[in-house]
Amino acid sequence: MTDVTDKRSGKPARSGIDASLFYNPTARGIVYQGALLIGVVMLIWWLQSNAATNLAALGRSTGFNFLNQTAGFNIGFSLLPFDRTSTYLDVYLVGILNTLLVAVIGIILATMLGFVIGIARLSPNFLIRKLAAAYVEIMRNMPLLLQLFFWYFLALNALPGVRQSYELPLGAVLNQRGLYLPLLQSDDRFLILLGVFVVAVIGAILWRRRQIRKMEEKGERRPVLLPMLGIILIPTIIVYFIAQVPVAFSVPELTGFNYTGGFVVPPELTALVVGLVVYTAAFIAEIVRAGIQAVNYGQVEAASALGLKDSDRLRLVVIPQALRIIIPPLTSQYLNLTKNSSLGAAIAFPELVNVFMGTAINQSGRAVEIVGLTMAVYLTFSLITSLFMNWYNSRVALVER
Amino acid sequence: MKKLMITCAVAAAVATTSTAAFAQLLDEVTERGYLQCGVTEGVPGFSFPDDNNNWTGLEVDFCRAMAAAIFDDSEAVRYTPLTSQTRFESLANGNVDVLSRTTTWTMSRDTDLGITFTGTMFYDGQGFMVREEEGITSATELSGAAVCIESGTTTELNAADYFATEGLDLSNAVVFVNQDEVVQAYLDGRCDVYTTDASALAAERSGFPDPDAHIILPEIISKEPLGPSVRSGDTQWFNIAKWTLFAMLNAEELGVTSENVDEMLGSDNPEIRRLLGVEGDFGTPIGLSPDWAYRIISQVGNYGELYETHVGPETAIDIPRGVNNLWTEGGVMYAPPIR
């Protein structure tokens with residue numbers, strides 16, 4: 001901002017006709033910005049003190065000390081141990097984790113589906129192209145809440161009751177109450193195995209980089225994929241047999257009303273993820289299509305002229321240029337998906353808005369504090385996603401020479 | 001999302017509420033010309049929009065009774081359907097004048113939310129409903145069952161307490177924001193058990209496709225005195241709400257109904273004469289006219305009439321009078337005398 005002002009009126013400032021601070025554009029800029037900052041801070045302070053005064057006048061307790069009190073209710077699906085003696089802080093954490101879970105799974109799946117549909121929209125095959133177009137137009141033009149109800153009640157009605165459950169391979173069970181998966185049970189030796197696996201993956205990635213550097217130096221192709229698999233799998237399997245890692249599965253069994261044991265994916269989670277993915281993928285598909293079409297066709301021709309094969313042409317020439325256009329709008333779709341996950345409250349998925357702004361707000365009565373804490377979470381998620389995507393964007397941005 | 005926006009708007013409203021909240025609400029309401037009444041989103045028998053979109057029910061009639069006492073017009077009421085989550089904020093911030101919405105009177109709600117309960121309209125308790133085919137006869141057999149619950153209610157806490165006390169497993173709680181989805185999910189088989197106040201269970205069951213396939217278990221696991229509430233700090237308004245209910249109870253006790261109230265004006269019984277404002281003036285001290293109770297009874301009715309019309313055994317909801325009978329009939333409904 002000050003740069004522009006400087007350029008526009010830079011001459012008088014530098015020529016020293018009037019060098020007083022009052023006429024210095026930079027100094028004035030700083031003063032304006034400072035005044036605005038003070039104004040905003042005072043506004044926030046005024047709102048806060050006004051709310052505190054009025055809440056006190058209404059005879060209501062305020063403050064964050066309720067976070068350490070016992071919540072006294074149960075949460076149906078949680079990644080942390082949770083029971084009725086847990087505190088409101090635990091409720092907050094469980095809600096955040098569940099929201100994060102939906103957001104992360106949703107973003108990954110929506111990106112994959114969105115890219116596939118987006119590329120399908122450019123397919124030379126009439127049927128594929130039109131089907132993709134129909135998908136996009138239908139999915140992005142219906143309210144998300146409606147779609148969530150559709151998926152949720154579809155799942156409930158399509159799946160069998162507990163006693164008529166589908167028995168899947170490996171002891172997994174599928175019914176109205178969810179997908180019951182066998183849960184891996186092991187001891188500390190499993191952690192060693194996991195460590196070896198992670199180290200092997202890192203090693204494989206480093207090795208791939210080295211191979212690519214060599215390829216660029218010498219100009220000849222070398223095998224990459226198969227050796228990478230070898231680097232990852234061979235040490236892992238050797239360690240597995242040497243350490244004799246015990247592997248057992250807790251298999252779901254029907255006891256009384258429901259299956260117990262194993263890991264349960266409730267229908268609420270499935271419906272929410274499917275709904276969010278299907279909806280957001282329609283938008284992502286359009287972004288991808290627009291991004292690819294924006295790459296000048298001359299680039300493809302130039303790549304062919306250089307002798308790049310089909311897959312390399314897409315991977316090395318078209319996609320990198322398309323990504324520059326795709327990334328910024330893609331970021332806002334990721335943010336939308338994260339925020340839209342709050343609609344899960346309507347179909348009983350215990351994400352942040354359901355457990356914290358729904359149940360906790362009612363049991364504790366601390367509306368202002370809880371709404372503030374909840375907004376802070378979504379703001380933080382959004383800013384972190386933005387930061388990451390901005391960093392990625394700057395990496396793939398066109399470097400002008 | 002809707003809820004989020006409402007709650008944000010509420011938070012913003014808290015921040016800007018002025019001291020006007022502590023003026024006399026009666027003057028404000030009289031000037032406005034109608035009563036703003038907070039009700040449920042639809043619980044048959046308590047507050048439910050009928051085919052013509054008119055609100056009816058026991059708790060709706062409480063608001064109509066207040067309007068009759070204030071305006072001599074029981075129709076001068078506008079209804080605001082509120083969710084469990086938004087009801088207290090709406091009342092505390094003055095979006096509604098009175099909350100008459102199947103709300104359980106508890107200590108923390110009465111003392112910590114800026115609202116005050118004015119009495120008990122209906123003595124309720126939490127129960128469990130299961131499908132008959134499960135063969136369950138007692139709530140103690142419910143360990144591990146999937147339980148459908150509406151969030152933001154005392155129901156959620158009571159269920160957690162009960163299951164913990166009885167040593168049952170409640171890891172399968174499915175918590176919805178709206179009542180409609182709770183019922184739909186239960187009917188679709190997501191849950192084995194649907195739990196809420198026994199009155200609401202009966203009311204919901206009356207609307208099921210096959211009511212006889214569902215049974216309400218005998219255990220009542222909580223005390224749920226449902227009553228209207230008003231904003232704290234306005235004694236006059238509090239008294240109007242409190243005595244509206246007492247007037248309807250006293251009327252039933254004295255045998256005054258909407259049918260015979262005009263004849264009763266000529267009664268020799270001093271209690272009836274005081275109630276109807278023929279003798280003495282009990283309306284003016286609370287800012288109303290002397291015939292305030294006559295207006296309530298003639299336009300809305302006494303408590304017994306309301307009970308029979310909306311939730312009694314003659315209705316589809318079919319809840320026996322039980323503890324909600326007058327103290328003279330073996331119940332616990334008891335109103336202080338008007339004198």
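Cβ coordinates are placed from backbone N, Cα and C, and glycine is handled just like the others.
Not measured: the values here are computed from a predicted model.
Pulled from TrEMBL:
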| type | residues | note |
| --- | --- | --- |
| TRANSMEM | A:30-48 | transmembrane segment |
| TRANSMEM | A:91-120 | transmembrane segment |
| DOMAIN | A:96-389 | domain 'ABC transmembrane type-1' |
| TRANSMEM | A:141-159 | transmembrane segment |
| TRANSMEM | A:190-207 | transmembrane segment |
| TRANSMEM | A:228-249 | transmembrane segment |
| TRANSMEM | A:269-288 | transmembrane segment |
| TRANSMEM | A:370-392 | transmembrane segment |
Let me spell it out: take the transmembrane segment (A:228-249), skip the flanking residues so only those 6+ beyond its ends count, and list any with a Cβ under 8 Å from a Cβ in it. 170-171, 182-187, 189-190, 192-193, 196-197, 199-201, 203-204, 207-208, 262
So, do the transmembrane segment (A:91-120) and the transmembrane segment (A:370-392) meet, by the test of 3 or more Cβ pairs under 8 Å (sequence gap 6 or more)? yes
The transmembrane segment (A:141-159) in contact with the transmembrane segment (A:370-392), cutoff 8 A, at least 3 CB pairs, sep 6+: no
